[in-house]
Amino acid sequence: MTTPKKEIDRTIYDLLGIGIGPFNLGLAALCEPINDLSCLFLDAKTEFDWHPGMLINSSRLQTPFMSDLVTMADPTSRFSYLNFAKQTSRLYSFYIRENFFLPRHEYNQYCQWVSKQLSNLNFGVKVTQVNYNAGEGIYAVTAIDRRSGKPLTYLCRKLVLGTGTTPYLPDNCPIQDPRVMHSASYMQQKTYLQSQSAITVIGSGQSAAEIFYDLLQDIDIYGYQLNWMTRSPRFYPLEYTKLTLEMTSPDYVDYFHELSSEKRHRLITEQKSLYKGINAELINDIYDLLYQKRLISNIQCQLLTNVALTAIDTSGDKLKLQFKHLEQDYALDQLTSAVVLGTGYQYHLPDFIQGIKSQIEFDDHGQLAIQRDYGIDVRGDIFIQNAGLHTHGISSPDLGMGCYRNATILQAVLGYAPYPIETRIAFQTFAPCNIADAKRQPLESNTHSAVTPSKTRQGLNPSAKSVQQPSIEPQTALRIAPTGGNVSALMAPNKEAQ
């Protein structure tokens, strides 16, 4: 058998992104008009498809449409959602609808629309290894073309890791049993689920709530028993008040990043309702639907809090879910035909990084030591997306802060800010020692400035000046990102409440 000849792209890219989710897709869109930056983004998938297993018809984003791929960095970009709506003849419908929150299906369509216009994306390419040539200061990214099987090599000076998160499964869950599934595959398994006599949803985050609501709508048609169980003491709503939303601002990121790792860990634990709760409107919709269903049918439905899943017995015709009640301290069993685990997602450093792992910095707890500018290595060459819950706080998975992070990364890569970066947008001050400075710096549009890196970093072109951009007024804080509890790197798994 002949081994395919390795194909080497001799271009030395200034920036190469691995993984094309919303955050790296947004970065690719922001890179497109920058003439002095050559970049390429790779993904093993054959096309962009955002959480296909959770594209439930009734689901919507928890962030406004302005948290698209580009608007918060460049409102004039042709890759904005508003331009997508115009180009697809739905702008007036969107205007009449008067709802800032997009259906998740539409957000996926928008991202696919952007991906098809960008020439710096390469889908169907699976990265297998990354090595560093210290003499030339170049990274060699080895990959496989999934269509042809041909080995590929790409060369670059800077890397951005955007490989995303994977479903988190508790140790006591036998996922090899087809009756046990994660919420990430819900839509693919929905037909199977609705053929069962009893379905149990575990978790109290947004994903679990959306699945329960979706299954509840047809409960009287299919006649199944539907259970919703969680270890949380109640079904917490997502905190959505405006002053709290300022905790997704650059101001709070500055404050949070300067805290000790112990204090940051404590705060993230305390702030779960700020990024793991359920949309309050959805909670109300669930209650109203329960009320309506019981008016017309004697449905079998159970909601139970304060119960921790301890084991799943798969030996019988039905699954036996074993729980412990956390307040009354007793054991209970629940028989079910199938179980959906809405237990969130966690980040794993990808295997292909082993060749350069010695360059990556970790803290005393073994977590990624992510710098303020999202760099993770000693030279400032490698950056990471959506893995900084433990270093940058609840803004890390926030779609609305994706543009801010990407603008910050581009500034670190280029040595200048191609897009204005807001540094002071919050009305509140998070650290008393900064009050005097806050008084001297008004909330005006002159608050754009460079993010100060935690280390000395050399950009590709530090002598260049910023690309001309229209003056932008300070942004308002945006909402927390949806679904699944996106997570930090190499820390305790960021799980949705179980």
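Backbone N, Cα and C define each Cβ position, glycine as well.
When GLN62, GLN176, GLN346, GLN354 are compared with the NADP(+) site residues ARG104, SER207, ARG231, TYR275, LEU309 in Swiss-Prot, the one appearing in that site is GLN62. Matching PHE23, PHE84 to the FAD binding residues that Swiss-Prot gives (ASP43, LYS45, TRP50, HIS51, GLN62, VAL127, ASN386, PRO397, LEU399) identifies PHE23.
Residue with the densest Cβ environment among the binding-site residues GLN62, SER207: SER207, by other Cβ atoms within 10 Å. In three-state terms derived from DSSP, LEU309 (NADP(+) binding site) belongs to an extended strand segment. TYR275 (NADP(+) binding site) and PRO397 (FAD binding site) are 9 Å apart (CA-CA, integer value). In space, ARG104 is the closest of the binding-site residues ARG104, SER207, ARG231, TYR275, LEU309 to LYS45 (FAD binding site), judged by Cα positions. Of all residue pairs in GLN62, ARG104, SER207, ARG231, TYR275, LEU309, the annotated binders of NADP(+), the farthest apart have Cα atoms separated by 30 Å.
Put simply, HIS51 is the one of the binding-site residues PHE23, HIS51, VAL127 whose Cα lies nearest to the Cα of ARG104 (NADP(+) binding site).
Cα of GLN62 (NADP(+) binding site) to Cα of HIS51 (FAD binding site): a span of 15 Å. Distances between the Cα of LEU309 (NADP(+) binding site) and those of the binding-site residues PHE23, HIS51, VAL127 are shortest for HIS51.
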